Amino acid sequence: MKTKKFYQHLYFQVLTAISIGVAVGYYMPDTGTAMKPLGDGFIKMIKMIITPIIFCTVVTGIAGMDDMKKVGRVGGKALLYFEAVSTLALAIGLMVINVIQPGVGMNADVTKLDTKGLATYTATAAKSHSFADFALGIIPNSVVDAFAKGEILQVLFFAILFGLALSAMGEKGKPVYRMIDDVAHAFFGVVNIIMKFAPIGAFGAMAFTIGKFGLGSLTKLGMLMGSFYLTCLLFIFVVLGTIGKLCGFNIFKFISYIKEELLIVLGTSSSESALPRLMAKLENLGCSKSVVGLVIPTGYSFNLDGTSIYLTMAAVFVAQATNTPLDLTQTLTILGVLMLTSKGAAGVTGSGFVTLAATFAAIPTIPVAGLALILGIDRFMSEARALTNLVGNGVATVVVSRWENELNATRMSQVLNKELDEAAVEADLLMMDPEPEEA
């Protein structure tokens, strides 16, 4: 088998592109800012392919199940895990921010804050309504509309119904099943083509960020940022690490396995940008297609651990900075509201801030104008949010697969311990035959 040289690996190319992007943004800020279309273009290409991949994966996963009760069982276990772990993430964020108290002493006067930049977020947040509205929003007005607008939960809902219907058809549904499975392979082939542009996208996104906000903005409100990054690391390596150990895998080896996806997320600040490739890698790791197809798409709305940590820390920080006292009842109210609002957040850049604005609107105790304090650094915290979200959903898929006895533990051990030939693993991932060894 051929062994790739270090510079041929996607993770090296993306890391190099990010470094160049930082340099361009710092030394040539105007040029860096002009690179924004490169990052936006890459994310748009990824989003273009997400809904058809989810549809095909979920349909083939469900239609391929022998027991239809399994669909409800997998979904139920996934939602139970999501609620438990994301609530734990909210609680950890709440605990750390109250211990470190980075906002104490800022004495910010909300009447003097520049709130012009909040208009877009508060307007979007104002559209958020009750749980009933959220539940009804999962049902698309039309199938075409759901695909056209890239509504993941709506596509997931339709895919589950279609998969159940296809399974009920029995042998008559087999030709359709095989066709959709072939289409899924073709779409993953498109993903492999798009991923070749990942370094360009990461370069453009990072050059724009540094060019527009400057390295100096990385140090603004640094205590909050440091606290947030520390909390995310604690959550990944302690909480998810413990969960991983209980399920038979090492979190460090798991992170090493998905390092390319993590670097793509680091460059684009969107955990959604790595979704298609993450699904393929989890199947390659030994998780069943049916579990991957149900858990990953659902997790991108119900299991955003990084966003959960951010929401509690940001809310309490604003309260501290504006000298808004919070008693135990008010703190628990914030936690309860966030348990609901955090479930509607999507894995795209900026969604966390919109969710935060919606939460503040529901909790009049904390001044909405206080969001202006963190608007400038929100972009620099989005990387940690997205990275934590990605790792959290990856771990969740392995956990649910194990609960369902749908995890090939031997395969997982071989892949994580790098006992398989690297070229063979890459070939499996790309759904291609391994290249022959050169003479």
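Cβ atoms are placed via backbone N, Cα and C, with glycine included.
Residues annotated as transmembrane segment in Swiss-Prot: 9-29, 45-65, 80-100, 150-170, 186-206, 221-241, 291-311, 334-354, 357-377.
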Examine the transmembrane segment (291-311) against the transmembrane segment (80-100) and state whether at least 3 Cβ pairs sit under 8 A, considering only residue pairs 6 or more apart.
yes
So, taking each listed stretch (45-65, 80-100, 150-170) in turn and counting its Cβ pairs to the transmembrane segment (221-241) that are under 8 angstroms, which one gives the highest count?
80-100
Is the transmembrane segment (45-65) in contact with the transmembrane segment (150-170), using three or more Cβ pairs under 8 angstroms as the rule and ignoring pairs under 6 apart in sequence?
yes
Out of 9-29, 80-100, 186-206, what stretch is closest in contact terms to the transmembrane segment (45-65), meaning most Cβ pairs under 8 angstroms?
186-206
